[in-house]
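Colleague: TrEMBL feature annotations, pasted as is:
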- 26-47: transmembrane segment (TRANSMEM)
- 67-86: transmembrane segment (TRANSMEM)
- 107-131: transmembrane segment (TRANSMEM)
- 143-163: transmembrane segment (TRANSMEM)
- 184-202: transmembrane segment (TRANSMEM)
- 208-226: transmembrane segment (TRANSMEM)
- 258-279: transmembrane segment (TRANSMEM)
- 337-361: transmembrane segment (TRANSMEM)
- 381-399: transmembrane segment (TRANSMEM)
- 406-427: transmembrane segment (TRANSMEM)
- 467-490: transmembrane segment (TRANSMEM)
- 502-525: transmembrane segment (TRANSMEM)
Amino acid sequence: MIGGVFFLLGGYGVRGVRQADQGEDFLRGALLLSIAALVAKILSAAYRIPYQNIAGDLGFYVYQQIYPFYGLMVTLSMYGFPVVLSKQIAEYRANGEREELKVFVSLAFYGLLLVAVLATISLYFFAPAIAQFMGDVALTEPLRAVSFVFLLMPFLSIGRGITQGQQDMLPTALSQVSEQFVRVVGILIFAIILLTLDYGPYGAGVGAAYGSLAGAVAAIIVLFLCSRKMVWSDWFQLKENRFGVFLKQSLSFFKQSFFICIGALTFIFFQFVDVFSMIRLLEGYGLDSAAAYYTKSLYDRGQPILQLGTIVTTTFALALVPLLSKARSEKQQKQMFFYRNLTLRVTILIAGVATLGLIVIMEPLNSMLFTDRSGSGVLKVFSLAVFMSALYMTGAAILQGYGQVHLPAIAVMIGVGVKLLLNVMFIPMYGAFGAASATVLSFVVMAGSMLYGIYKHDQSLWGKGKPYGAVLITFVLLYVTTTIWGTFLGGLLEPSRLHDTILALSTVVIGAVTVCISVLVLPVFNEKEWESIPKLNKMRARFRKV
C-alpha cells in the first residue's frame, strides 16, 4: 500500500497541478485509503482463525490451498491496477485531455476484461490438472469455484482507479472494507451451513470461494452507489476499434503496473510456492497424503500470524516514511537521515518485540487461536519471518520514497526464487520445519537487499549504535520477564484451552508493560526523536514524574 501512495503522489504532482488545497485534500484521501486498507488487511487475516475452528484442520488446509488465487485477484484490484490507473487519469486531467482519458480507460478496462476471462476459463477447465499438480485432486471443485472471482477484477480495478484519479478516495475505501466484511461473513456462514449439511471440508472450501465472490460483488455495488452521479457508460465505450491500438495500450498499461503489482503480491507469491510444492515434498519426506494435508494445515496456522504480526509491526514505522520522502524532496538531507534512522529503529524495535513475544507464547497462543498446541515448534520458526518481513517492507517503503520502485520488485522475484529452491532442498529433509525455514531465509535475503540498497543510496545506514544497545536490552528484559511469568503461571494451570488463553493474554500484558517501561527509561530514542512524536513525549514526561 505504501508503494501505491508514493506512486500516486508522483501522479498528482505532474506539471504543477497540485495546489495547496488540492494537496491537502489528496493527503486526507490517502490517509482514509490507508486506514481502509489497514482494516481490510486485519479482517482478511483474522477471520481465518474462526474458520479453522469451524472447518477443522482439513478444512483450513483446503481453504489455504485455494486462497492465493483469490488473494491474487483482490491484491491486483485493490493495490495494483487502481494505483496505476489513478496516476494516468490524474495526468490526463492535468493536461485537459478528456477524450483521450476516456479512450485510455476503456482500453484498460477491455484489456483487463480479456485477461480476467482468460484467467477464469483457464483456472476452471485446468482445475483438475492444477489440483493434481498440487497433490490433491479433491481440490478441483474449490478451484473451479474460486475461478469466477477473476471476472470481477476489471470492474473493481477500473471503478477504484477512476474515483482515485478524481481524488475521491471514499468509494475505494468503503468498497475495500465492505468487500472484506461481506466476504468474511459469507465465508463463515457458508462454512457452518455446508458442514452442517455434511458437504465436508472440501464443500466448505467451495462455500468459501462463493463467500469471496459475494464480497467482490458487494464492493462493486458500493463503488457504483458512491458514484451515482458519474455516467459510467462513457468510460466503457470503445472509440478506437483498431486491434493494434488496443494491444499497444494494453501492453503499456500492464508494463506500468508491473512493479507496483509485484511488490503488493509478495505474501501471495510465497503462498503460491507452498501451495504447489509442499504436499509433494512432504510426501517425499515420508508422509502419506492424509498426514501431508494435516501437516500443511498446521504450517498454514502461521499465515494469519505472519500477516497480523507484519501489519502491527509496520503500521507505526511506515507512518514516518512520508516525512522522510518530504524531507528528501525538499533536499533536507539531515532531516531525511533523521527520519530514515528513526523508521528503521522503530521497525526493529516493534518487529523484534513482536517476534520474540510470539516465540515465548506460541504454545498457549496456538491453543487459544487454533484449539490445540499442535505444530507450535514450526510456528516458532515461522514467527521469525515477522521480523524479517517487517524489515523488508520498511526498507522497500524507504527505497520507494527515494523513487527506486524497481528494487523492491526485483527483491521479491529473487526472494520467491530462493523460497522455491529452499523448499525443494529443506522439506524432504525437515518437513514443515524446512518450509518455515525457507520462508524466513527468503525474507532474510529480501530484507538484506533492501538494507544494501539504502546503504548504497545514502552511503550510511544505521546511525549511532547507542540506541540499538538499548533496543537489545529491551529484548533481553522482555524475554526474561515473559519467560519467568509463563513458567510460573504455566506450572499452576492445568492444560486446557481456557487456561492457555489466560496464560497467553497475561503474558502479553507482562511483556507490554516491560517494553513500555524499557522504552521510557532506556535511551531507545533521543530527545529530538521524542519531540517528533509529541503524544508519546507527554506520556514519558508523566511517567518520569511518577
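Cβ atoms are placed via backbone N, Cα and C, with glycine included.
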Colleague: When you look at the transmembrane segment (337-361) alongside the transmembrane segment (502-525), do they share 3+ Cβ pairs under 8 Å, ignoring any pair fewer than 6 residues apart in sequence?
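Modeller: Output yes: the transmembrane segment (502-525) sits against the transmembrane segment (337-361).
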Colleague: With pairs fewer than 6 apart in sequence excluded, do the transmembrane segment (184-202) and the transmembrane segment (208-226) have three or more C-beta pairs that lie under 8 Å?
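Modeller: Answer yes, regions in contact.
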Colleague: Taking contact to mean three or more C-beta pairs under 8 angstroms, with sequence separation of 6 or more, is the transmembrane segment (258-279) in contact with the transmembrane segment (406-427)?
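Modeller: Yes, the transmembrane segment (258-279) contacts the transmembrane segment (406-427).
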Colleague: Quickly jot the same-chain residues contacting the transmembrane segment (67-86) by Cβ under 8 Å, restricted to those at least six beyond its ends, or write none.
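Modeller: The answer is 1, 4, 7-8, 11, 37, 40, 44, 105, 108, 112, 123, 143, 146-147, 149-150, 152-153, 156-158, 160-162, 164-165, 172, 176, 179, 209, 212, 216, 253, 256-257, 260-261, 264-265, 267-268, 271-272, 275.
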Colleague: Need a quick answer: max count of Cβ pairs under 8 Å to the transmembrane segment (467-490), which of 107-131, 143-163, 337-361, 406-427 is it?
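Modeller: The stretch with the most close Cβ contacts to the transmembrane segment (467-490) is 337-361.
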Colleague: Take the transmembrane segment (406-427) and find every residue of the same chain, 6 or more past its ends, with a Cβ under 8 Å from one of its Cβ atoms.
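Modeller: For the transmembrane segment (406-427), the far contacts come to 3, 258-259, 262-263, 265-266, 269-270, 273-274, 277-278, 281-282, 284-285, 392, 395-396, 399-400, 433-435, 437-439, 441-443, 445-446, 449-450, 453.
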